[in-house]
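What follows is a single structure, written as structure tokens, with notes after it.
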């Protein structure tokens, strides 16, 4: 998700530089500083992982080129180039296929050992490198002193210290584009591995990556790479290579990739000891103490609840309440929609066109109003709050705290981010499930978001209803929904094939958020979201318009009335609220609020109806995003399951409340 304007880049006419590095090292910040606005963002073929490209003005005289433009690719963050996740596979494939002129590796100066693991792999691959030690100020604050000259001499490449958020070191990086050099790392592994590398090297084809690096990756049982090499060289001796790998495995008790990692790490430790010194541990600053409390298994929970309360007040009350009311009731309700209706009444004689634009399910009165007057302020306020959490360093602490819970449902701590985003908007949150490593994890997270994470607008209406009526009913609704999320998540983790990916999370220092960063991030994130989601809102509204004109909406409403009144024990009128809830979840909740106010629903029925509304099918916009992310088949299966499951739970809750009355 990047903010710059798109431009077409002909990769055949300009040299390519790839930014490579661990997650959260400031790679994208450096990318933005180098490229400015000339950027295009796309999913890597066959994946949902985004790859960003841009162009910059540079000269590479030492590499024999002196162009006016250089193509820069911001690759996904990785912890290794022997892939275990989709992000790592995409980065490995970029190195294989893009024929880079040079690599800029962005490292976290505080965690040099981890970064040198990637440096060693890039060096073995034979790419010309520049090593950027970013976040250098925080390393110095921790008493870490890196001898960049010695490190540069040992590695044989240019090493630049930067603080990207303050643009320190960026001019030197720009001016150093002619200094790409191949690393002089001479790592030698144990005899069985070296013998296997020599044998495999005889069979692999000549590519942009060295035969030695390819052989080591094949020893680590990279089957995707083996298939790629087979396509490049149809006569590749697959059986012979697999035989060499199998024989090499027999020498070790541990997996070969782990043996390679351990032996590589020993040599990295030697480099680290020669170039890095750490002063005596400084007394903990107040920010470090607070940061540790945020991850405490006991004290961290009330801190989390306080954060969620502040988020609800800021997003749910200020954003979904006051700001939405300003946009929807006043700006659109009093001015834009009436103005559009008057204009069309004057210039458009065709009735059906007028209804399409400003009717009950009009593209302007519903689609545009929904996306701009309602979603825009909610998403905007949520992204402001999310930016504060992100800039402060709290989010990584939240992922650590929630990891144990999410492990039970086949996910890991990073999944808390889409879940928290879902409290702002499920449509937006579904798009951000891309941060999860495996397709299995993304399916589970998408299912749980669609099933039981209420968006802020819906949550605001529901809390307003139940909070003013009965705290007991509110508790029952919360327990019911949370229990279903745990049950469905647990069962999905058991049914879906595959394993959860390993959870590695860098814990940055707790920081005071910078206003400029938050404003910039919020602007570009809102812009990205509106660009992704608004067309889907318009399409969804158009489909509802067609359904209404064809009489299908009334047929559907009549069809679900027996379910609503029979199984759920609700009056027939609530069928309309559930149907409208498919268009927008908070519209459905607002419909229930109106029915309760008019005396159609008692407290028992309100509790059942709201529980089902939260667990009900995803709204139309989210449904289209699920199709985009998971495909029509999975989206349909999820929706059918959620509908049936919501009715089942609602029916059981209805029976339960008959025996355990609320009053």
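Cβ atoms are placed via backbone N, Cα and C, with glycine included.
Any TrEMBL annotation is an automated prediction that lacks curation.
Note that the structure is predicted; figures quoted are calculated from it, not measured.
Taken from TrEMBL, the feature domain 'FeoB-type G' covers 14-183. Across the domain 'FeoB-type G' (14-183), mean pLDDT in this model comes to 83.
What TrEMBL lists as GTP binding site is 21-28, 46-50, 74-77, 134-137, 163-165. Within the same chain, residues at least six positions away from residue 135 (GTP binding site) with a Cβ under 8 Å of its Cβ are 25, 26, 108, 109, 110, 163, 164.
Residues or ranges marked as Mg(2+) binding site by TrEMBL: 35, 36. In the three-state DSSP assignment, the secondary structure recorded for residue 35 (Mg(2+) binding site) is helix.
Among residues of the same chain six or more beyond the transmembrane segment (303-327), those with a C-beta under 8 A of the stretch's C-beta atoms are 293-294, 372-374, 376-378, 380-382, 384-385, 389, 394, 398, 401, 420, 423-424, 456-457, 459-460, 463, 586. Residues annotated as transmembrane segment in TrEMBL: 303-327 (among others).
Tertiary proximity for the transmembrane segment (361-389) is limited to same-chain residues at least six positions away from its ends with a CB under 8 Å from its CB atoms, namely 307, 310-311, 314-315, 318-320, 323-324, 326-328, 331-332, 336-337, 340-341, 355, 395, 398, 420-421, 423-425, 427-428, 455-457, 513, 517-518, 521-522, 525-526, 529-530, 533-534, 537-538, 540-542, 544-545, 548, 583-584, 586. Annotation comment: TrEMBL describes 361-389 (among others) as transmembrane segment.
What TrEMBL records for 409-431 (among others) is transmembrane segment.
Positions annotated as transmembrane segment by TrEMBL: 443-467 (among others).
The transmembrane segment annotation in TrEMBL covers 473-493 (among others). Nonlocal intrachain contacts for the transmembrane segment (473-493), taken as residues 6+ away from its ends with a CB within less than 8 angstroms of a stretch CB, comprise 408-411, 443-444, 447-448, 451-454, 462-463, 466-467, 500, 603, 606-607, 610-611, 614-615, 645, 649, 653, 657, 662.
Sequence annotations record features per position, and here TrEMBL assigns transmembrane segment to 528-547 (among others).
Among the features that TrEMBL reports, transmembrane segment is placed at 603-625 (among others).
What TrEMBL records for 637-657 (among others) is transmembrane segment.
Where the transmembrane segment (603-625) meets the stretches 409-431, 528-547, 637-657, the count of C-beta pairs under 8 angstroms peaks at 637-657. Around the Cβ of residue 36 (Mg(2+) binding site), 13 further Cβ atoms fall within 10 Å across all displayed protein chains. Looking at residue 36 (Mg(2+) binding site) and residue 76 (GTP binding site), their Cα atoms lie 19 Å from each other. Within the group of binding-site residues (21, 76), the Cβ with the highest number of other Cβ atoms inside 10 Å belongs to 21.
In summary, the transmembrane segment (528-547) lies against the transmembrane segment (409-431): three or more C-beta pairs, each 6 or more positions apart in sequence, are under 8 Å. Annotation note: residue 24 (GTP binding site) sits in a coil segment as assigned by DSSP. Here the Cα atom of residue 21 (GTP binding site) is found 17 Å from that of residue 35 (Mg(2+) binding site).
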